[in-house]
Amino acid sequence: MDDAKLDDAVRSPFKDLTAHIFPPPEVAIIGAGIAGLVAGAIFERAKIPYVILEKRAGDKHLEGADIAMYPSSMKILHDIGIPDSFWPENSKAVTTLHLCKAAGGTDSPALTRAASAVNPGVSRSTPNVAASTSTPTLPTVTSLDPSASTNGHSPSSPTGPIVSGTKPFGSQTIAPPVPMKTINLANVVGDNQALHFTNRRKLTLALQKLVPRSNMLFGITVVQLREQTNHVEVIYTHQNTFGYMSIPVVLGCDGIRSVCRQLVQQARGGEARPPRYAGEICYRGL
């Protein structure tokens with residue numbers, strides 16, 4: 001951004017969108033996903049003034065894949081205010097995981113077509129696939145131990161059933177391949193512990209209850225960060241108008257395609273590098 005546009009930003013009527021927050025925020029959190037909301041909840045409990053800036057408007061920031069939660073992360077969420085009653089209703093405990101290979105053979109094209117029919121434009125021809133619990137995305141690559149089932153039904157993620165055995169997928173019936181490896185999750189998370197596949201939308205909504213709505217600004221797109229000696233200048237757009245704020249700390253929580261990361265790389269004379277496909281798909285846990 002050139003100096004003329006920066007001057008326009010400073011004079012913008014939208015420059016002080018945080019005027020209603022008192023005391024003035026000391027931290028700007030970029031992104032209202034799980035990471036940003038957890039950070040906001042922590043600052044709220046510590047009585048550190050903050051503001052959360054989210055690019056998406058409405059409830060679009062609630063979207064995203066289900067997530068695997070480890071016991072240590074669940075404890076942190078408990079400490080910041082997520083009640084224990086949240087987990088039975090919105091997650092499934094898993095004790096055993098089967099990893100399967102979906103490469104080569106005559107079934108791979110059918111699997112790819114079936115997956116693409118549900119998620120157009122998403123390629124599923126990757127040779128190495130690890131745990132996923134969402135039937136619409138990777139229906140044959142993961143099955144869970146029956147001990148994870150509830151009420152006599154097959155194990156499922158909070159948003160849909162998990163394939164365990166031969167299940168219909170659209171107009172086709174696809175049998176899961178033979179597992180390459182079976183993992184006892186007690187060896188990963190500890191005895192008498194479990195990994196919880198959790199509904200991202202429900203978790204995000206629960207976290208939002210811990211953060212005052214007045215501390216969250218939606219429709220804010222950060223376009224430049226200028227690091228000064230004692231503060232950071234944040235330049236953004238809101239409703240097609242430039243805005244500006246000066247704040248001591250900026251915390252980037254805007255995901256794998258982080259604008260903050262790109263801006264910091266560019267500000268330090270580096271090249272803004274986009275995420276690189278590593279050739280594998282995995283189910284990430286926290």
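Placed from the backbone N, Cα and C atoms, the Cβ positions cover glycine too.
Please treat TrEMBL annotations as automatic predictions, because they have not gone through curation.
Some features that TrEMBL has for this protein:
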type     : residues : note
DOMAIN   : 26-100   : domain 'FAD-binding'
REGION   : 118-170  : region 'Disordered'
COMPBIAS : 129-144  : compositional bias 'Low complexity'
COMPBIAS : 145-159  : compositional bias 'Polar residues'
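In the predicted model, residues of the domain 'FAD-binding' (26-100) average a pLDDT of 90.
Residues in the domain 'FAD-binding' (26-100) partition by DSSP class (helix H, G, I; strand E, B; coil) as 31 helix, 20 strand, 24 coil.
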